Amino acid sequence: MQVVHTIAEARRARAAFDELGFVPTMGYLHQGHLALVERARAECPAVAVSIFVNPTQFGPHEDYARYPRDTARDLALLEAAGVDLVFIPTVEEMYPAGFGTYVIQPAADEVLEGAARPGHFRGVATVVCKLFNIIQPTKSYFGQKDAQQTVVVRQMVRDLNIPVEIVIVPTVREPDGLALSSRNVYLTPEQRAAAPVLYRALRAAAERYAAGERSGEVLRAVMREVLSTEPLAKPEYVSVAHPHTLRELDQIGPEGALLSMAVRFDQVRLIDNWLLL
């Protein structure tokens, strides 16, 4: 496994491969990340992973400085998973003095995570675009857990004619339903016991949908009701949206819907979603 830190090194290393699967990460890897790597390994002759905690996607009062990091552990996991190339740039390598070009999708900033975290998707789209230009993968793998991110990346690839296939991998969950996230490490034991309420709320709405309910407001109410059973859970938003535009739905049509939510447990903010088809 080759580990590189500069863009020039990454490009030289990339030249050794024909087809390449790519998994961009912020490190502190868990089984969800490894599921992306496993899928890439199954579909591509070589796999690259990036580890970069991207400052431009964090707001001024968010957790950039304390975001968990453990590069040695990450590298051991990636080597065991059969990864060929790991790119670990510094902030200065990715954003040198004078950097001033960003990828912006105004529509993404108006809804869900974009509305809750101003500037977040400007940072996400910009760093993913840069990584695609540096690594030039054949396919790139993203988790369904970050549903809006997958929509943003797919639109960017389409709009900017970036020659990469985007592959979305289902969310990996704990046995009690909690979606795997690097931020779960912040949860106290009491918060961790309460956190599966997100999954229960989504599942309850999905069951109502399966039984024939098509009202967006009814399904939002179902999710809020389940969340209200957990005193530690403070919902930031609860959404029933179109799966492509992410606009809120009054009635769910033939294209289905994306159920999603952001919930705070004191300082810890968790997101989760469920795709209704």
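Every residue, even glycine, has its Cβ placed from backbone N, Cα and C.
The shown structure was predicted, so the numbers you read here are calculated from the model rather than taken from an experiment.
Among the features that Swiss-Prot reports, ATP binding site is placed at 26-33, 143-146, Val172, 180-183, with the record citing sequence analysis. According to Swiss-Prot, the active site, proton donor annotation covers His33, on the basis of sequence analysis. According to Swiss-Prot, the feature beta-alanine binding site maps to Gln57. Residues or ranges marked as (R)-pantoate binding site by Swiss-Prot: Gln57, Gln149.
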**OP:** Output the one of Met26, Leu29, Val172 that, of all these binding-site residues, has the highest number of other Cβ atoms within 10 Å of its Cβ.
**Re:** Leu29
Original post:
C-alpha of Gly32 (ATP binding site) to C-alpha of Gln57 (beta-alanine binding site): distance in Å?
Top reply: 20
Original post:
Which residues does Gln149 ((R)-pantoate binding site) neighbour through Cβ under 8 Å, counting only same-chain ones at least six apart?
Top reply: Glu113, Phe121, Val124, Phe142
**OP:** May I ask for the distance between the residue listed as 'active site, proton donor' and Gln57 (beta-alanine binding site), taken between their Cα atoms and rounded to an integer number of Å?
**Re:** 19
Original post:
Measuring Cα to Cα, how many angstrom lie between Ser182 (ATP binding site) and the residue listed as 'beta-alanine binding site'?
Top reply: 16
**OP:** Inside 10 Å of the Cβ of Ser182 (ATP binding site), count up the other Cβ atoms and send me the figure.
**Re:** 19
Original post:
Cα of Leu29 (ATP binding site) to Cα of the residue listed as 'beta-alanine binding site': how many Å, rounded?
Top reply: 18
